[in-house]
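*Asks:* So Swiss-Prot has the following annotated:
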BINDING   GLY152, VAL153, SER154, ARG155, THR156, SER157, LYS158, SER159  ADP binding site
Amino acid sequence: MRNKAVLDLHLVSDSTCETVIAVARSAVEHFKSLEVNEFVWSLVGSKRQVDKVMLNINPERHNLIMYTVVDDDLRKYLKEKATAQSVRCIPVLAHVIREISCYLQVTKDPNAHPHKLGDEYFNRIDAINYTISHDDGQNLWDIDQADIIIVGVSRTSKSPTSIYLAYRGYRVVNIPLVCSVQLPVDPATIADKLVVGLTIDADRLIQIRRNRLISMKHQENCNYVSYEQVVEEINEMKKICAKNRWPTIDVTQKSVEEIAATIIQFFNRKNNRTGDALY
């Protein structure tokens, strides 16, 4: 069996590193034979901090730097240091910025500072805190502050989807639907909110629940993994969503990212918005 190539990937930014992380991870997904060790260097705003990055690069390994640095002098310094250590250095936005500039015959703003720590950053932190405190039907007293409400039976990816959306700036409440138990919130009070139901194939849900019980070293709960019980739960959830005209998503073959992307589309449609980020 062929060994995987190993790469130390250093992600450098003078801000939060979100852009370079997103680009880098999307890029390495195309190389399944590659094993990547990721090093994140955010808020690198001085030559001294660049020096610290370079000191942590092992010359005995394959290294690559990907970066977003706004300051021209600092960017030049980083490239010089990388060249001196024979490390390849890739600016992830330079090509795109150059193409836009050439196409529109405009120059870039020298004072631009993508993802500067400001309202956007703190709004996102607020969304994450709100979503965590409203996981699994908790603290519904201020559900009116939510942007999105997710409902579904147990083990349908409600929590990870909620957290993913929170990192995109959405305040999310997720509510478990339990068979024969009344919904813990009056649907009339959330009529103006986007409420999305997550459904799943019964056989797949049973498999997920069994794996969950095994991982927690619990004895198999007959009702929890009973086919009849699971089908009843799913059907009851679908009826609740249909009655309240809430859209549903079949998550059987979907990743968390795909589920979240669909929910964002629903949100934009409901609020006559374009784009995919709230903040």
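Note: Cβ is positioned from N, Cα and C throughout, glycine not excepted.
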*Asks:* Tell me, how many other CB atoms lie within 10 A of the CB of SER154 (ADP binding site), whichever protein chain they belong to?
*Replies:* 17
*Asks:* Most Cβ neighbours within 10 Å: which of the binding-site residues THR156, SER157, SER159 is it?
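*Replies:* Per the Cβ count within 10 Å, the most buried is THR156.
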*Asks:* How many neighbouring Cβ atoms, not counting its own, are there within 10 Å of the Cβ of GLY152 (ADP binding site)?
*Replies:* 25
*Asks:* Counting other Cβ atoms within 10 Å of each Cβ, which of the binding-site residues ARG155, LYS158 scores lowest?
*Replies:* ARG155
